[in-house]
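Record features, source Swiss-Prot:
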- 1-22: signal peptide (SIGNAL)
- GLN50, HIS154, ASN199, GLU200, TYR344, GLU414, TRP459, GLU466, TRP467, PHE475: beta-D-glucoside binding site (BINDING)
- ASN81: N-linked glycosylation site (CARBOHYD)
- GLU200: active site, proton donor (ACT_SITE)
- CYS219-CYS227: disulfide bond (DISULFID)
- ASN226: N-linked glycosylation site (CARBOHYD)
- ASN358: N-linked glycosylation site (CARBOHYD)
- GLU414: active site, nucleophile (ACT_SITE)
Amino acid sequence: MRTKYFSLLVFIIVLASNEVIAKKHSSTPKLRRSDFPKDFIFGAATSAYQVEGAAHEDGRGPSIWDTFSEKYPEKIKDGTNGSIASDSYHLYKEDVGLLHQIGFGAYRFSISWSRILPRGNLKGGINQAGIDYYNNLINELLSKGIKPFATIFHWDTPQSLEDAYGGFFGAEIVNDFRDYADICFKNFGDRVKHWMTLNEPLTVVQQGYVAGVMAPGRCSKFTNPNCTAGNGATEPYIVGHNLILAHGEAVKVYREKYKASQKGQVGIALNAGWNLPYTESAEDRLAAARAMAFTFDYFMEPLVTGKYPVDMVNNVKDGRLPTFTAKQSKMLKGSYDFIGINYYSSSYAKDVPCSSENVTLFSDPCASVTGEREGVPIGPKAASDWLLIYPKGIRDLLLYAKYKFKDPVMYITENGRDEASTGKIDLKDSERIDYYAQHLKMVQDAISIGANVKGFFAWSLLDNFEWATGYSVRFGLVYVDFNDGRKRYPKKSAKWFRKLLSEKKRN
């Protein structure tokens, strides 16, 4: 009965979505700050490896992304790496000034694990220079009236732990992550009141252990011949399991040792697109439900029920899906104060026969996920092929989370679009303004229906190192000149946000 109920729920939301599939917007919606609740937070986001630079300075140890991009430049589209990135390590005061200038009330950043613990664990010692850097950043934010939202892990596993036991493939990572999170809470929690344990664990398992296009670059050979090792049928589920347990242990530490005195909140940032059925058939509707089970629900359901989604349990055969002990399940249930949602795009899902050969996390849902239907894209394409613009998906995803997962407090922790890097300083990004206006309008719609959304973070404050695509695309509200001292130039979209947010001050 439970499965039928939730499948029906998916059908209802999918039917609501179908009314405007691939609808083109002819104009930018007009928004006012007063369209959102008074306490609604607007901010911008970055991550450590993408913007900090200073990869080999002040005692920082290497992460798997240093190894992946520096030792194997052919794995990055333009052969670059994040060793300097946007140089926020040295220019953080300027970046905080930009946040203040735009009018943002919060900044979501991540902490570099290997900058705090160069060898990944307590045995390797704590790097005081790393502690000092984040203290300085946090204090600078607060001096400008900007709330820090800190992410503890944004994909940059210390290389030492990867060498020792395979990083998140090894069960040992759970305790090492708990210790690392403990250090963060102890040193920064008196001022940081909003924490995210993990950023996009789904991307870690999909791109790092199935597709093999992101660090540590593991996959089955039949998926990607460039992978030298890996197993897309088993490793993703083990890594995902350890990520979930690491999250649970970190939340447990905070609640037991720090919450009473620091009075902060701990959540997680999950990414997902919305999945619409390819056709109105019952089979495709079920395929859309399974696609959600293997993406958003994969990491959300254990935090609500202590169990994996039923569709995962049913579809992942041959004992490949780990199970939680009763103790672990109890720890995980309710292990969040809020949920961060990273949304960029949506897809169609089509029912396909379940595969018995060349099985991976991608084939287990028995659903073909595509951005096109009969040759027509679900929405206009940004610079990246995967980013098809479908604003209504953000509304439907928020309502899905509300109704299926006990009405959680939610923040949009990432949302944005990219443009191709041309080598010329181009600050006229009207298409980005249109993207944000359309998505914010849909967030506002979700709130009006009852979604408990408390804030919105634009991705990204700065042009940065965009993982496997390097510097070939730009997501920033602020242009960074990577050829001239990392100079910053606010784009038209930054000025659009400033105008939107200045209404509150005028009123």
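Cβ from N, Cα, C; glycine included.
Of all the Cβ atoms in the protein chains shown, 13 others lie within 10 Å of the Cβ of ASN226 (N-linked glycosylation site). Its Cβ placed at the centre, CYS219 (disulfide bond) has 25 other Cβ atoms within 10 Å.
In sequence order, ALA44, ALA45, ASN342, GLU414, ASN415, GLY416, PHE475 are the residues of the chain that are 6 or more apart from TRP459 (beta-D-glucoside binding site) and have a CB within less than 8 Å of its CB. Comparing TYR344 (beta-D-glucoside binding site) with ASN81 (N-linked glycosylation site), their Cα atoms are 24 Å apart once rounded. Close to the residue listed as 'active site, proton donor' in the fold, though at least 6 residues off in sequence, lie TRP155, ALA269, LEU270, ASN271, ASN342, each with a CB less than 8 Å from its CB.
GLN50 (beta-D-glucoside binding site) sits 24 Å from ASN226 (N-linked glycosylation site), taking the C-alpha atoms as the reference points.
Looking only at Cα atoms, CYS219 (disulfide bond) sits nearest to ASN358 among the recorded positions ASN81, ASN358, TRP467. A count of other CB atoms within 10 A of each Cβ picks out GLN50 as the most crowded of the recorded positions GLN50, ASN81, ASN358. Its own atom aside, the Cβ of TRP467 (beta-D-glucoside binding site) has 21 Cβ atoms within 10 angstroms in the protein chains shown. Long-range Cβ contacts of CYS227 (disulfide bond) within its own chain (separation 6+, distance under 8 Å): GLY212, GLY217, ARG218, CYS219, SER220, LYS221. Put simply, of the recorded positions ASN199, ASN226, ASN358, TRP467, the one whose Cα is nearest the Cα of ASN81 (N-linked glycosylation site) is TRP467. The closest partner of ASN358 (N-linked glycosylation site) among the recorded positions, by CA position, is ASN226; the full candidate set was ASN199, ASN226, TRP467.
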